[in-house]
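Undergrad: Dumping what Swiss-Prot says about this protein:
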ACT_SITE  D168  active site, proton acceptor
BINDING   V30, G31, S32, G33, A34, Y35, G36, S37, V38, K53  ATP binding site
BINDING   E71  nilotinib binding site
COMPBIAS  314-326  compositional bias 'Acidic residues'
DOMAIN    24-308  domain 'Protein kinase'
MOD_RES   T180  phosphothreonine
MOD_RES   Y182  phosphotyrosine
MOD_RES   Y323  phosphotyrosine
REGION    312-331  region 'Disordered'
Amino acid sequence: MSGPRAGFYRQELNKTVWEVPQRLQGLRPVGSGAYGSVCSAYDARLRQKVAVKKLSRPFQSLIHARRTYRELRLLKHLKHENVIGLLDVFTPATSIEDFSEVYLVTTLMGADLNNIVKCQALSDEHVQFLVYQLLRGLKYIHSAGIIHRDLKPSNVAVNEDCELRILDFGLARQADEEMTGYVATRWYRAPEIMLNWMHYNQTVDIWSVGCIMAELLQGKALFPGNDYIDQLKRIMEVVGTPSPEVLAKISSEHARTYIQSLPPMPQKDLSSVFHGANPLAIDLLGRMLVLDSDQRVSAAEALAHAYFSQYHDPDDEPEAEPYDESVEAKERTLEEWKELTYQEVLSFKPLEPSQLPGTHEIEQ
């Protein structure tokens, strides 16, 4: 094995060799998942702490290669205060022949909503501010034509100033079969996506926001199902069994037959579920946790709800340029995905330190 690329150094972390530019110092592992492992580091060029994600086996298979390309393109496209932003992307490779590793550099966020819920009881003001930011980021993502599909507390990062960013969006499309075994994911998933009821739309993410908001208010998960059947039962105990109109929209005959076999359950009054909660919070939850996805509020509508009157500013809730999915919808070979990804890595222009939000011109 030859030495590291000029200007790079190697370090073994969690049984993985990392090869990174010398400006990234003090690498410390902070977590790992199915798609890669993450370290915190100090970026000497940006003069700030960052998160560095090393994608695991980015080109191991066609599915991996396509997902790698999609993740990089999504991160490059989305630029919003409440969505994780790409500060840099690099590879130790100097040619397409050697290209096998991809590293993504993003803003370092101290905690996620999972940590927050476990550590402290949140005031209603806290919940307002967090859910407002979550919906503000979601409005932006949805305006690009992207569906997150996997919103859950661990995918929502928060820093010490209570500023929130959405992580890991849009990746679950090809990865569904890998995620079915992962329990906590299911608790936040809209019934129509979990049970393949029908073609779903962006409001699957609104259901997830409802589940997250409920957890922030209660300090515990709203629908912690043990399996799909238990999950559905818990959901219907709160929102009631679907009306004939909703049943008619379910394209899966199997799902329809099963639901019709259940004893009818009425919709619960949410104020009996969330004792002492702000009535406006309960009203908003009632508009998000709706079985009929056509009746759920959109992110833009939810932002205008009276619960957020303290924060809502229609002139400061931006939308995105539409995201062109046609490139990744095409069938390509593994080598073609790799070549496209390599071009995306090379064409990325990192921000100068002076362009970062909240930073000033730094004298060199």
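Yeah, the Cβs are placed from backbone N, Cα and C, and that goes for glycine too.
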Undergrad: Average the per-residue pLDDT over the domain 'Protein kinase' (24-308) and send me the rounded value.
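TA: Summing pLDDT over the domain 'Protein kinase' (24-308) and dividing by its length gives 90.
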Undergrad: Return the single residue from the binding-site residues list (V30, V38) that has the minimum number of other CB atoms within 10 Å.
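TA: Comparing Cβ neighbours within 10 Å for the binding-site residues V30, V38, V30 has the fewest.
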Undergrad: Please report how many Å separate the Cα atom of the residue listed as 'active site, proton acceptor' from that of the residue listed as 'nilotinib binding site', as a whole number.
TA: 8
Undergrad: Same-chain Cβ contacts of the region 'Disordered' (312-331) under 8 Å, 6 or more residues past its ends?
TA: 66, 69-70, 73-74, 77-78, 80, 132, 136, 139-141, 143-146, 300, 303-305, 340
Undergrad: Taking DSSP three-state, what's G36 (ATP binding site) in: helix, strand or coil?
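TA: DSSP assigns G36 (ATP binding site) to strand.
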Undergrad: When DSSP is mapped onto helix/strand/coil, what comes out for the residue listed as 'active site, proton acceptor'?
TA: coil
Undergrad: Fill in the CA-CA distance, V38 (ATP binding site) to the residue listed as 'nilotinib binding site', as an integer in Å.
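TA: Roughly 15 Å, rounded to the nearest whole number.
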Undergrad: Name the secondary structure element type, per DSSP in three states, that contains V30 (ATP binding site).
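TA: DSSP call for V30 (ATP binding site): strand.
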Undergrad: State the Cα to Cα distance, in Å, between G36 (ATP binding site) and the residue listed as 'nilotinib binding site', rounded to an integer.
TA: 12
